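The annotation Ca(2+) binding site is assigned in Swiss-Prot to 405, 407, 409, 412, 423, 424 on the grounds of similarity to another entry. If you look up Swiss-Prot, you'll see 92, 407 marked as N-linked glycosylation site, on the strength of sequence analysis. The region '9 X approximate tandem repeats' annotation in Swiss-Prot covers 108-315. Here Swiss-Prot flags 154-176 as repeat '3'. Annotation source Swiss-Prot lists repeat '5' at 200-222. For 71-445, the entry in Swiss-Prot reads topological domain 'Extracellular'.
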């Protein structure tokens, strides 16, 4: 501000310097001299002119000079006022800068702003007055319910019962006994884990159901029970035999014999088998321990021969395997007609339930070098293979497909035995087919 002020002062100095001389120049005579000197020829022509004209000129010039002096006298005061205003503004700016310096950093301000925003949103989400009243009422009801809790005597009774229960728990078997029980449970769990797969259990359950139905058709219930007891005792006696392989063979024959007994229609045949079992039991009781196994085996062989004279497992031209009968056709039909052909003989287009059954059927078809239909297709949903009985194809059976199959080449939706595995083929192609049904007793004609 000092630099800008000095030029104005210097300009004023030009106007104010040598006031004495300036005052001298303001005398009338000076003006008169100048006027006379400036208009020498005119004055001479006019004869010195009137005095009034000179006074008027002097007055006008004096007014102009006074006005200039007044304006010049105002300049220092305006400059001083401007300087004070600038100082005030500078001080205010300094104070504002200091105040700004004391504010929190930008990140802190943003954080505060965010918190305020969140708080505002939370306040907006507070339940309305009616909701608060509802909560208050629920709290009031809860308080009243607490007041209705059982009295002290009732609580003491509950505590005593808990104490007695704790004491009873303390009387449980000792740790060694618990460990023994735990081991037994572990063994039981392991045994359960070794049970056959679900499909096998279903097959066993179906066989038991069929056996139960056949037993229900026997003529005399008391005779059936007696026969069953005899078989149970015989099974126990067989369990004492030394050789496992021979035991398994005898047990299988007994199982087949039991099934056959359930299927015998005539009372005379049942009595005949019962008599043979009675004789077998009597012979078993009289045999010495060393020859008991051979004698039982011989009796069972004779009994099996007698039974086979009475009936056979499967109809003519059917093949028996593991409780089922299989028919391999000698003519060809498409898949749908093959399903119908099996139904006409009270059978089903073959549904495979086990690896043993698959190996048996694959061997039969490969020996005859025939492409044969099985009861498997994905007609209901592409890529989802299903047996004709409604059961899905087990993931463990996927390995039986030939390499690259099934490929659905040309809309192939039906499965066939092909070579050493399975193949998908068009359902309208003519193939041989295989029917399957449970084995029963068929009498010779």
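Every residue, even glycine, has its Cβ placed from backbone N, Cα and C.
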(request) For the binding-site residues 405, 424, work out the Cβ neighbour count at 10 Å and name the residue with the minimum. (result) 405
(request) Using C-alpha atoms only, work out the spacing between residue 409 (Ca(2+) binding site) and residue 92 (N-linked glycosylation site) and round it to an integer in Å. (result) 92
(message) Return the residues near residue 423 (Ca(2+) binding site) by Cβ distance under 8 Å, restricted to its own chain and a separation of at least 6 in sequence.
(response) 371, 401, 402, 405, 406, 415, 416
(message) List every residue in the same chain as residue 407 (Ca(2+) binding site), at least 6 positions away in sequence, whose Cβ is under 8 Å from its Cβ.
(response) 424
(message) To the nearest Å, how far is the Cα of residue 92 (N-linked glycosylation site) from the Cα of residue 412 (Ca(2+) binding site)?
(response) 94
(request) Other than 405, 407, 409, 412, 423, 424, which residues of the same chain sit close to Ca(2+)? List them in sequence order, counting a residue when its Cβ is within 8 Å of the Cβ centroid of the site. (result) 404, 406, 408, 425
(request) Using all protein chains in view, find how many other C-beta atoms are within 10 Å of the C-beta of residue 412 (Ca(2+) binding site). (result) 19
